[in-house]
Amino acid sequence: MDFVAGAIGGVCGVAVGYPLDTVKVRIQTEAKYAGIWHCIRDTYRQERVWGFYRGLSLPVCTVSLVSSVSFGTYHHCLAHICRFRYGSTDAKPTKADITLSGCASGLVRVFLTSPTEVAKVRLQTQTQAQTQQRRSSASWTSGAPALCPTPTACLEPRPKYSGPLHCLVTVAREEGLRGLYKGSSALLLREGHSFATYFLSYAMLCEWLTPAGHSQPDVLGVLVAGGCAGVLAWAVATPMDVIKSRLQADGQGQHRYRGLLHCVVTSVREEGPRVLFKGLALNCCRAFPVNMVVFVAYEAVLRLTQSLLT
């Protein structure tokens, strides 16, 4: 049931946090935004509400699988560690056991999420300005003005990617399989230690918030533990998240970065060390409600099934 509960929790989390995720990605990849509110105002003015939901369909379709694998891997890994070390899956795991299982959960996610992350970032950073710039570049290169079949076509330039699946196909055709796994090195570094932090902090907070005489926390305890675990995980994940987003967005025009280290050095040299923490406040603000919902849904499904089976 860990897989089913994780899938339901993941879908609930995406529904809550996607608009702020779009804002976060744009702040991290586009220097024109002075801050969170500037990005929100500019996105709404140019693209209205739909601009905050660009690329949503693919995460919704895949998040159930990814979240299911994350929670399932964590609990199965933890069970195997406890059986190997203590002879029983019911033994209380140590903090090191939880950390190792959480890290394994994060690393497994990368193979599933990298292509969808590339599509999500490309669609989220595909603005009207970029579309217009690409049209102008094509006109300049050809030496002739772009011909518009209709006045509407000139006013509304066609975006490069028409949707998540089209984006994946286009990236694979233009950049090969490596294009779909662009930024996966940064994603590995982000997911490994952030999910170790995520599950360890949740387990510790649940233990602290469990009332005396009870075996598990109440709903309020789960809400607080889940929200705080999400904030702590994103606090340690943000530097690599910035690099990951820049590497994955680096395919909509000139290729600026040769790899992970070059992206880190170039970003810090041009924008200072603070660039690695772009979107940190937004990540933390988004993480609290999203992970409250994820863990409440997850725990609710587990407790419901346990009550039905006993």
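Note that Cβ sites are derived from N, Cα and C of the backbone, with glycine treated the same way.
What Swiss-Prot records for 1-80 is repeat 'Solcar 1'. Summarising the annotation, Swiss-Prot assigns repeat 'Solcar 2' to 93-208. According to Swiss-Prot, the feature repeat 'Solcar 3' maps to 217-304. Residues or ranges marked as transmembrane segment by Swiss-Prot on the basis of sequence analysis: 3-23, 55-75, 98-114, 194-210, 219-239, 280-298.
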Margin query: Counting only residues 6 or more past its boundaries, what in the same chain has a CB within less than 8 Å of a CB in the transmembrane segment (280-298)?
Written below: 5-6, 8-10, 12-13, 15-17, 20-21, 23-24, 27, 36, 67, 71, 202, 219, 222-231, 233-235, 237-238, 241
Item checked: Long-range environment of the transmembrane segment (219-239) - Cβ separation under 8 angstroms, sequence gap at least 6 -> 190-191, 193-195, 197-199, 201-202, 205-206, 209-211, 276-280, 283-284, 286-296, 299
Margin query: Need one number: mean pLDDT over the repeat 'Solcar 1' (1-80).
Written below: 81
Checklist line | Helix, strand and coil totals (DSSP H, G, I; E, B; other) for the repeat 'Solcar 1' (1-80) | finding: 69 helix, 0 strand, 11 coil
Checklist line | Secondary structure content, the repeat 'Solcar 3' (217-304) (per DSSP, counts of residues) | finding: 73 helix, 0 strand, 15 coil
